[in-house]
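What TrEMBL records for this protein:
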ACT_SITE  354  active site, proton donor
BINDING   241, 283, 284, 285, 286, 383  pyridoxal 5'-phosphate binding site
BINDING   286, 323, 327, 355, 383  substrate binding site
DOMAIN    37-289  domain 'Orn/DAP/Arg decarboxylase 2 N-terminal'
MOD_RES   59  N6-(pyridoxal phosphate)lysine
Ligand code: LLP
């Protein structure tokens, strides 16, 4: 439900969105802290009846302030690169609560993780098993690890963001025998302490039965492993992926429904396969931060091609939100300064980058629109700032955290000076 104030303006976190645009400039990422914390609460509440570790997936959106919030809420953190790990270190995050993912971690990233005492490294492949073993040998230390498995499951989402199927770059295949081989390799190592297994089947998932299937496949695999090696997993990490609502057509399950499906299938599978109950780990990203985010833009040029299309250009685009161009994502938006008015025309929202693919929204009904209007695009909290670029040398927007009528900048707007900071003249 959107909030509209007496002026007919959209309100975000108790602040008039037009005032936010005026004070901080556009494009502007806004994060509604109440929504963010409410999502986290829903996760904690949904899973309160079982022993679970909820690890926020930082790839969706990670900054120092975000680390602080995640820490304050007592969640763990999933990082996927040296850069995300560095952010967590700088924010003073408890690194024991960090899971380090990735299908091609470098020696320096793995070394950084080992030296900083990262809680779990989620090992993806045999190459990494070897690298890590060498690093641990050199450091004369041990490391808790999970093994990332590829369970061979169809997640019913966009193919670019579906990860659990057999034909995937991620993880040890359960069906081709590499998973059991990886487990035996890890169990033989004096340096690696195998605490459990991990899988992630994809992102923006609405089909909850994919999760039941995943849990079932993983538990069945654990039974086979127990029979063959005697080893029982202490931890079962089932990844993230719950979808969110981007537009009127989307009907994602509630976090509580997702939790119930996981809990039920977990109990059922543990029973069916008679395995020792492992601690469950989940890694939600999008469903924690996605709907807490809004992007504000100022409308500029408008090109009407009669009978064909009206292009409304805004002062951002694929550099701050590449998801439409990349995945055909469908966003919803309103005019923040005319949030109380009826929609009268269908337009398409274009970015300002020099290519035709730079569109934010194809075909949206909006009130009469003119240059200077403020467009607010919803559900841009996840994979927008984190996937932003300086394409066309556009400075990245600022990020403000809003709550109870107060706005705090948590990421400064980039300047032109930032744009050239690493350039060297010849
Ligand atoms: N865990 C692992 C191992 C992952 O690979 C991911 C996402 C997550 C957790 C979090 O998934 P979430 O709950 O956020 O769906 N850039 C794409 C999404 C890529 C997701 C990659 N992995 C997008 O904008 O839709």
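Every residue gets a Cβ built from N, Cα and C, even glycine.
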Please determine which of the binding-site residues listed here (327, 383) has the lowest count of neighbouring CB atoms within 10 Å.
327
Please list residues from the chain of residue 283 (pyridoxal 5'-phosphate binding site) whose Cβ is under 8 angstroms from its Cβ, counting only those at least six apart in sequence.
55, 56, 57, 78, 99, 200, 237, 239, 240
Most Cβ neighbours within 10 Å: which of the recorded positions 59, 286, 323 is it?
286
Nearest-integer angstrom distance between the alpha carbons (Cα) of residue 286 (pyridoxal 5'-phosphate binding site) and the residue listed as 'N6-(pyridoxal phosphate)lysine':
9
Express the distance between the Cα positions of residue 241 (pyridoxal 5'-phosphate binding site) and the residue listed as 'N6-(pyridoxal phosphate)lysine' as a whole number of Å.
12
Taking the Cβ of each of the binding-site residues and counting other Cβ atoms inside 10 Å, which one has the highest number: 241, 284?
241
Just give me the nearest neighbour of residue 285 (pyridoxal 5'-phosphate binding site) among the recorded positions 59, 323, 354, Cα to Cα.
59
